[in-house]
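Per TrEMBL, the features are:
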DOMAIN    28-515  domain 'Major facilitator superfamily (MFS) profile'
TRANSMEM  28-53  transmembrane segment
TRANSMEM  65-86  transmembrane segment
TRANSMEM  93-114  transmembrane segment
TRANSMEM  120-140  transmembrane segment
TRANSMEM  152-175  transmembrane segment
TRANSMEM  195-213  transmembrane segment
TRANSMEM  306-326  transmembrane segment
TRANSMEM  375-397  transmembrane segment
TRANSMEM  404-424  transmembrane segment
TRANSMEM  430-451  transmembrane segment
TRANSMEM  463-485  transmembrane segment
TRANSMEM  491-511  transmembrane segment
Amino acid sequence: MSDINSFFEIDYEQALTLTGFGWFHYRLLALCGLIYANTAIGITVMSFVLPSATCDFRMTSEDKGWLTAAPMLGMVVGSYFWGCLADTKGRRIVLIAALLLDGTVGLLSTTAQIFPIFMFLRFINGFAITGAMGICFPYLGEFQPTAYREKILCWMELFWTLGIVVLPCIAWLIIPLPLQFGTADGGIKFSSWNLFVALCSIPSLLLGLWLLYFPESPKFLIECGEPALALEILKDIYHINTGRDRHECPIGRLKESDRSNTIMETHNRSIRTFNIHDPKHMKILLPEIWEQTKALCSAEFRRNTALACMIQFGITTSYYTLMIWFPELFGRFEEYEKRYPNATVSVCDVSSIVLENVNDTLVDDFCGTEIDTKVYWHTLLLGIACIPTSLWLPLCVHRLGAKFFLIFSLLVAGLVTVGLAYVGNSTQNLILSCIFEALTSMGISTVYCVMVDLFPTNLRVMAAAFSLTFGRCGALLGNLMFGFLVDLNCLVPIVLFSIMLFGSAILCFFLPNTGTTALQ
């Protein structure tokens, strides 16, 4: 049969279907899912460093705002960089580089003894982790047949939940340990929170190494003008999924991309073969990158690009700010209720703990004070609360549609955010925080799923990177704003976050329906 088919060219979507769906796809889902879970850990690891490192770095609320903003600033800078790189050098190699950089710098940050140096290293962590987050969805999606693509991508939300659940468990096991080397007077000081940061950095290194055993996206190779190499990868997938020999694969020849590739037409070579360290090659690559960027703003894609950027900005600003600050707020609630038992207090009123301590004496109050175990438990509950929505999304996405999940999650999350200003105790705050976490995390994962279908292969990662840049700008501003206002007037950021969520929900009505078209 393969001899007969060798005379016929078939498109990529048909070829994917012929390779079957099996063990290769399950392994790839596990890999990309764990990468996504690792990004959840990498982004939220600072939520436990804030209360734990307060004494070591003598941090005020403003300092904590800058520390949480540093990774977000790295994400702003890194999103477009990694997107351009992934659309020129390939998804796999960029994923490997981003993961290895994140793990290496994460380990290095545990030895930082000066606050600005630690903040700079966390900036690099943000720069690296955004590459992994922005590319793992397109990389996974380009291996999936149409019938499975949307559902498989939606299962990624469960892995994000895994990361949110695992993080407080690691923190609960490590941070309370009476571990401390060195002294404050000199030498390297290494505490339990340093060990916690180190352990959270190791998965990036392991995943980067595991990715070496997976192939480049065949769809990307076709776009680069390398259909022969893409065909060899598809034969390997067929062998893994069916257990049959590669020569039995019923795929003869692959159709080349219909989209014009300036570099292929002019230089008759794949864009992947150009060296970004060679100035002559960069003179060729930069105009191509600029053309791809301009294409996102062309009449064909302008509407989708604008919608993706604005929705990302609204949901990311709210989610990443509150998610990172939740453990800090839980800790303040516990401290407040210890001082004022049976008192009714809101999220904003609880900041009176800070206002009662002038001249930064709050830092001294918390020095040597362990994080209340309830904080770990409450943060763990945030992750557990995401499990029902993580299962609901992939099981019902074909029936209800991705747009439904986006609009529903953002509208209800907006209402919950408004409710945070009216809670009367830590229990009510916890319940609303769990609902907020479950819905907004589902919304963010759904946005990534939708974007795989909104743009063609040659623009997909760059479009994701472009919208992620807007989202990270919002997260950066949100963390800075919350750090400065949480002790003064936290009602202002809460109102702004709710408005952004409502606005994003309205914008989702204008998104096209996805999940039924072939992978372009």
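All positions are counted from 1 along the displayed chain.
From the backbone N, Cα and C atoms, a Cβ is placed for every residue, glycine too.
Cβ atoms under 8 Å from those of the transmembrane segment (28-53) belong to residues 59, 64, 67-68, 71, 95, 99, 102, 106, 122, 125-126, 129, 132-133, 136-137, 139-140, 143, 152, 155-156, 158-160, 162-164, 166-168, 171, 175, 191-193, 196-197, 200, 203-204, 207, 210-211, 214, 320, 323-328, 331, 366, 371, 375, 379 of the same chain, restricted to positions at least 6 beyond its ends. Under the criterion of 3 or more C-beta pairs below 8 Å, with sequence separation of 6 or more, the transmembrane segment (430-451) and the transmembrane segment (375-397) qualify as touching. Between the transmembrane segment (195-213) and the stretches 93-114, 120-140, 306-326, 463-485, 491-511, Cβ pairs under 8 Å are most numerous for 93-114.
For the transmembrane segment (404-424), the partner stretch with the highest count of Cβ pairs under 8 angstroms, out of 306-326, 375-397, 463-485, 491-511, is 491-511. Across the candidate stretches 120-140, 375-397, 463-485, 491-511, the maximum count of CB pairs under 8 A to the transmembrane segment (306-326) is reached by 463-485.
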